[in-house]
Amino acid sequence: MSQPPPPPPLPPPPPPPEAPQTSSSLAAAATPGGLSKRRDRRILSGSCPDPKCQARLFFPASGSVSIECTECGQRHEQQQLLGVEEVTDPDVVLHNLLRNALLGVTGAPKKNTELVKVMGLSNYHCKLLSPILARYGMDKQTGRAKLLRDMNQGELFDCALLGDRAFLIEPEHVNTVGYGKDRSGSLLYLHDTLEDIKRANKSQECLIPVHVDGDGHCLVHAVSRALVGRELFWHALRENLKQHFQQHLARYQALFHDFIDAAEWEDIINECDPLFVPPEGVPLGLRNIHIFGLANVLHRPIILLDSLSGMRSSGDYSATFLPGLIPAEKCTGRDGHLNKPICIAWSSSGRNHYIPLVGIKGAALPKLPMNLLPKAWGVPQDLIKKYIKLEEDGGCVIGGDRSLQDKYLLRLVAAMEEVFMDKHGIHPSLVADVHQYFYRRTGVIGVQPEEVTAAAKKAVMDNRLHKCLLCGALSELHVPPEWLAPGGKLYNLAKSTHGQLRPDKNYSFPLNNLVCSYDPVKDVLLPDYGLSNLTACNWCHGTSVRRVRGDGSIVYLDGDRTNSRSTGGKCGCGFKHFWEGKEYDNLPEAFPITLEWGGRVVRETVYWFQYESDPSLNSNVYDVAMKLVTKHFPGEFGSEILVQKVVHTILHQTAKKNPDDYTPVNIDGAHAQRIGDVQGQELESQLPTKIILTGQKTKTLHKEELNMSKTERTIQQNITEQASVMQKRKTEKLKQEQKGQPRTVSPSTIRDGPSSAPATPTKAPYSPTTSKEKKIRITTNDGRQSMVTLKSSTTFFELQESIAREFNIPPYLQCIRYGFPPKELMPPQAGMEKEPVPLQHGDRITIEILKGKAEGGPSTAAHSAHTVRQEEIAVTGKLSSKELQEQADKEMYSLCLLATLMGEDVWSYAKGLPHMFQQGGVFYNIMKKTMGMADGKHCTFPHLPGKTFVYNASEDRLELCVDAAGHFPIGPDVEDLVKEAVSQVRAEATTRSRESSPSHGLLKLGSGGVVKKKSEQLHNVTAFQGKGHSLGTASSNPHMDPRARETLAVRKHNTGTDFSNSSIKTEPPVFTAASSNSELIRIAPGVVTMRDGRQIDPDVVEAQRKKLQEMVSSIQASMDKHLRDQSTEQTPSDLSQRKVEAVSSSVRPGNLQTGLPESFSLTGGTENLNTETTDSRVADVLGAAFATRSKAQKENSMEEPEEMDSQDAETTNTTEPMDHS
């Protein structure tokens, strides 16, 4: 199935609505490449197939074959979506969506790997529940959680019960980010190993590395996922491991006394604790001894794999960990067979992150071939056959087929959630959302779950937590405490406005959505979050934000759309609506009613429900009437008559001639798409709640961008109008702050490679004051190894001496490497010889023996390392530049598409959005990336043909450049300003001198930016060098009037029209032929330009030069003929005098509209010959000047340089007077 070609920059608008399609045609619509161009532009909708999500998704029929759900974060194939149907009226949706995208209205942040939900569960959610699962179980009868000791199962969950379980991933989840295949680089690192496994399994992919979070617990996360598919048992595994080591410490010490010192066991046991915080100088991270312990805890083998090169090395990077301390008969499942091994692996050469390898549900169980089965670790090799059932070919089956059912897992999670709510007063899913929106999105990493839980609980109790009904993001109403204290922003504002603050008054700050009271004792303002309300979402800026309760439920207002799906009704949005504590399929209809009793007249509005799928929710006319009468006339005698009248009135109002008439009350925020926005068009059966545009340049746009009420439009318009002023102020402020602060490159910003999970075994920063001794394992490249104890103050040279004593290797032959990946330990710099080495307890260093090398070797190695570092910096910069380019492509493509939908060209639409030409705007960014920003620098954009722009540094923006009138700020009325300025220039052209003619002053547009006036340029300028030069008009006649030459020099810098509009034609192919060596830059899909206009193909320069020669030769020939015709009537002396007079008169102010050809402009990737024309009289004068000059050069070989006027020192060929080569 071939992918469709990428969309052009300016696609045509969507087609008119079509008739509803059949199910078969809709299925075909979801397949790219199977439809005509007309149908490929349709927008389809479908539901997420996850039963816990089922969000409505909208996507173009010609887009990507996979769709990412913006609710749960999973990515699904189009054919997997449920209920695929065509959206017949996407115009308004696309308009609002693209407009919001261009205005920078972002949706909720994309879910990271911890927050992607599968079956309603995210990784972070499971981590929060894991401590509870270590102490609680689920009663099979009631499905409720109970303490394990109350169920007579001990204090701690026995992980051996999971010894025969194995996780098999569903095929549809293999590519789900954060749940399926690992994306930290392991697929490349383990490629050869996985290929060998694939060949051993009949070339079928049946064992894949899957994701686990790198938060310091990756080993137990990997084991937990290999067992049950979730990170639910990491806490129990750590506690089981610690208890196991404590109970069997004597056996472990006896077994590993040759490998592990007795003093190390205390650290090994402490590292198993879930809350372990390492002391200074002690590494954090579970090691091989812990994997061996886990194998004994689970009563099953654990196989650790590595890349093929790592498995073949002498290091113990791969091994088979057998439950050697457990009798083999206890390592069996319920069927009596040995528990099959589970498999984990290193994810990279750094060997600092474990990942599990699991099988695929529905495929054959994976088999590990004999050549990949590592040696047993810590026990005799013959025990492998005792604990692992080997196949006939020597391999073994991984995992098994006894998986924990999803239904049971979800029931278990639901039971544990109740315990979490009882313990903390807040739902774990709400804590997970707080972590996502308030910590991860702001760059705060490593915060303990207990701290996040406490912060979330306090925010709920203070009524500061709000949820957006449009994008689902959490927002916090938070004000810095320092703003409320004396000297703070809000405190000073209240005092300057109200004078002396009083404790019996409330002070409102509308811009901060805050109401405060005053505490005279502490002299501070106290925020009252009960009276304060957040008015807009911090992420999508939508106005439908509501408070959140501790259980995760939302405090809805009447009319709000809830998350409950609606199966019927006339509303059309697909969701139920909240009204007076209940959820309805439809919004109510509203009509006025008048009550008259006892001389009183009361007007009231009745809200009527009539089309509910649950009949009990439909309004009862007698109940409604009784409530109205009781509300306004309580206890009135004889009010039953009034009730009867009200009943008749309501029945009359609700009795419709057409049962399909449905006019619900209009409430902002009730639907993703407003009824008023449709403008009388027929509503589709299910209005979009979100839409996803995908394709070659994937951009996800969220449902909140489809929802714009009148209030939102007003706010957005105000933002747009004030954007330029605010950007200017912010820019000036940043400039002031950045003055005197040189830009530095932080080494921490340079990464070794892409990784979706941080390294797990982190080490505490080294401190030379550490009092503990450090035990370092040293290995040499010839196979020797030893454990060396170093003091905390050991220096580099003392380390070298220790190595020399231990291995008899002279210091000058030692190349010491440490860390993962190994890096060379360099000698200290001068003056720092007494500094301790940066080695920590438990580190392993390798010694490379330098054969036949002098002591100068380390300097060479340092130079090599420096070179590699520079290469890494270059690669990092390249990646960053690529990301910026892709962002500019997306914005430019959206702009072109939106302009087409609005029926305008790009310039007509873009000039109405001036912020695009200011800092942060798409055109500003393109110029900044492509050419760089310099005051007065000009540029053009392929999407805005015929327009030239100039950068104004004082205002920090791009302005429209009109040669004859000057520079103008971009705005909706810029064309009117240009016309007015041009007409004014034309009116003044006859009354003022040419020296004051409106132009760029002394500067003109050139290929590299700015070209100086002719009189200021250097002599002998080469064509197309980026400097302007004219065709040359200074006569070589020494008797010419000097005033005439001076006037010519002044006139030459003025701007004129292009030669392409005159009788002299230029061929476009000559100027668009780009050099193969030129650096092409893509600034939008399908559009390329050149980074520097000066890098032009010499062939193009030669072609342009020849055309200039032909042009001048034609003018000269015409003039020679004219002179021959007049030679019979005039004497040679008269002819010379007439030529001088002609040149003098032709350059007087007011006689010419344009000057002489001067500069060549190469911008925007298209080479344009920007020269200037004259009328026929000027052409004749030019010819006369050239002829006179040619003759004068023949007669006088010596000429003053200033009279050459940028021509060559000598003209060697009279037929080519303009040869500038």
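Cβ coordinates are placed from backbone N, Cα and C, and glycine is handled just like the others.
On a predicted model such as this, the values are computed, not experimentally measured, just so you know.
Here Swiss-Prot flags 1-40 (among others) as region 'Disordered'.
The annotation compositional bias 'Pro residues' is assigned in Swiss-Prot to 1-19.
For Asp215 (active site), the Cβ neighbour count at a 10 Å cut-off comes to 21, with all displayed protein chains included. In the three-state DSSP reading, Asp215 (active site) counts as coil. The feature active site is assigned by Swiss-Prot to Asp215 (among others).
Counting every protein chain shown, 26 other Cβ atoms lie within 10 Å of the Cβ of His353 (active site). Taken from Swiss-Prot, the feature active site applies to His353 (among others), supported by similarity to another entry.
Counting only residues at least six positions away in the same chain, no Cβ atom sits under 8 Å from the Cβ of Lys407 (N6-acetyllysine). Annotation comment: Swiss-Prot describes Lys407 as N6-acetyllysine.
Residues or ranges marked as region 'Disordered' in Swiss-Prot: 724-778 (among others).
Per Swiss-Prot, phosphoserine is recorded for Ser746 (among others), and the stated evidence type is a large-scale study or a structure entry.
Sequence annotations record features per position, and here Swiss-Prot assigns phosphoserine to Ser756 (among others) based on similarity to another entry.
Summarising the annotation, Swiss-Prot assigns phosphothreonine to Thr762.
Swiss-Prot lists Ser767 (among others) with the feature phosphoserine.
Annotated region 'Disordered' per Swiss-Prot: 988-1009 (among others), in sequence order.
Residues or ranges marked as phosphoserine in Swiss-Prot (evidence: similarity to another entry): Ser993 (among others).
Residues or ranges marked as phosphoserine in Swiss-Prot (evidence: similarity to another entry): Ser997 (among others).
According to Swiss-Prot, the phosphoserine annotation covers Ser1076 (among others), on the basis of similarity to another entry.
Taken from Swiss-Prot, the feature region 'Disordered' covers 1117-1177 (among others).
According to Swiss-Prot, the compositional bias 'Polar residues' annotation covers 1143-1156 (among others).
Mapped onto three states, the DSSP output places His353 (active site) in coil. The two recorded residues His353 (active site) and Asp215 (active site) have their Cα atoms spaced 10 Å from each other.
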